[in-house]
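Novice: So TrEMBL has the following annotated:
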type     : residues                                                                                           : note
DOMAIN   : 3-195                                                                                              : domain 'Deoxynucleoside kinase'
BINDING  : Gly7, Thr8, Thr9, Gly10, Ala11, Gly12, Lys13, Thr14, Thr15, Arg148, Ile149, Asn150, Lys151, Arg152 : ATP binding site
ACT_SITE : Asp83                                                                                              : active site, proton acceptor
Amino acid sequence: MRIAIFGTTGAGKTTLLENLKKLLDKKYVFVNETSLDCPYFNKAYDDSNSDVQDYNYKLDLWMLTDRMKTFIKYKNHQNVIYDRSILDSMVFSQTDHMYNRLDDRDYNVFKDYFLTCILPNIFDCQTNNKIFDIVIYLKVDPHKAIRRINKRSRDVELDTNDLFWLNLTKAYEFWYDIYKEVIPFWVIDANVDDPSYIANMIANKIKDVDNKID
C-alpha cells in the first residue's frame, strides 16, 4: 500500500516509522522528511528576524516542492510509507499564517495554488486517482504533544513558542476535516504513551489489508 503519516509535531510519527520498519515486510520503502535540509529553515523559525514572513513564504514553497519531488521519486513504488507528505504543506502554511509568520497575501496565494494545482491531483473522486491508499492520522492532545517536544529537547523546537504548536494541532484537525472527504484515513489515538502498542496495532491493520490485496 501507499501510506502517509499525518499528525502534529510530537504525535510520534518518527518513532512510529522506526517501529514499522521492524514489523512490516521488507517490500516497504520508508521515506523520511528532509525539512532540516531547507536553506530557509533557521531564519524562518527565528521570530526576531525582521524578514520572518518573507522567509516563511519561501520555506513553505520549498517544502511543498521538496515533498512533490519526493512523491514523484516514489510514485511507481506500490509499497511506500511517508513520514510527512504534501498533505502537510497546507497545514504548516496555515499555521504560519495563524502565528503571523505569513501575511494574508502570501497565505492566500499559497492556498489558492495548493487547492487549484495540488489537491485535485491527489485524489479525483470521479476517476479514483489517488496517491495514498491510506493516510494514518496520529491524533494527539496538543499539550501532550508539547510535553513530548520539550522532553526530546531539539533546539529549534524548544525555541518555538507553545502557541505555534497549539495552532499547528488546530490546523491538522482543520485540514483533516477537508482531506477526509476525498482521502481514506485511519485515525489513531496517539495519546497512548506506548509506541510499541501503537506500531503493532497499525502494522497488523496494514498486514490485514495487504493480505486481502494479495
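Every residue gets a Cβ built from N, Cα and C, even glycine.
Since we're looking at a predicted model, the values are computed, not measured.
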Novice: How long is the line from the C-alpha of Thr9 (ATP binding site) to the C-alpha of Asp83 (active site, proton acceptor), rounded to the nearest angstrom?
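Specialist: So the Cα of Asp83 (active site, proton acceptor) lies 11 Å away from that of Thr9 (ATP binding site).
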Novice: Other than its own, how many Cβ atoms are within 10 Å of the Cβ belonging to Thr9 (ATP binding site)?
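Specialist: Its Cβ has 20 other Cβ atoms within 10 Å.
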Novice: Please name which of the binding-site residues listed here, Gly7, Lys13, Ile149, is nearest in space to Asp83 (active site, proton acceptor), Cα against Cα.
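Specialist: Ranked by Cα distance from Asp83 (active site, proton acceptor), first place goes to Lys13.
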Novice: Looking only at Lys13, Lys151, which of these binding-site residues has the biggest number of Cβ atoms within 10 Å around its Cβ?
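Specialist: Most Cβ neighbours within 10 Å: Lys13.
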Novice: If one looks at the chain holding Ile149 (ATP binding site), which residues at least 6 apart in sequence have a CB under 8 angstroms from its CB?
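Specialist: Ile149 (ATP binding site) has long-range Cβ partners Thr9, Gly10, Glu157, Leu158, Trp165.
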Novice: Looking only at DSSP and grouping its letters into three states, which state does Gly7 (ATP binding site) belong to?
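Specialist: The residue in question, Gly7 (ATP binding site), is coil (DSSP, three-state).
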Novice: Taking DSSP as the reference, which of helix, strand or coil describes Asp83 (active site, proton acceptor)?
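Specialist: Note: Asp83 (active site, proton acceptor) is coil by DSSP, not helix or strand.
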Novice: Tell me, by DSSP, whether Lys151 (ATP binding site) is helix, strand or coil?
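Specialist: Note: Lys151 (ATP binding site) is helical by DSSP.
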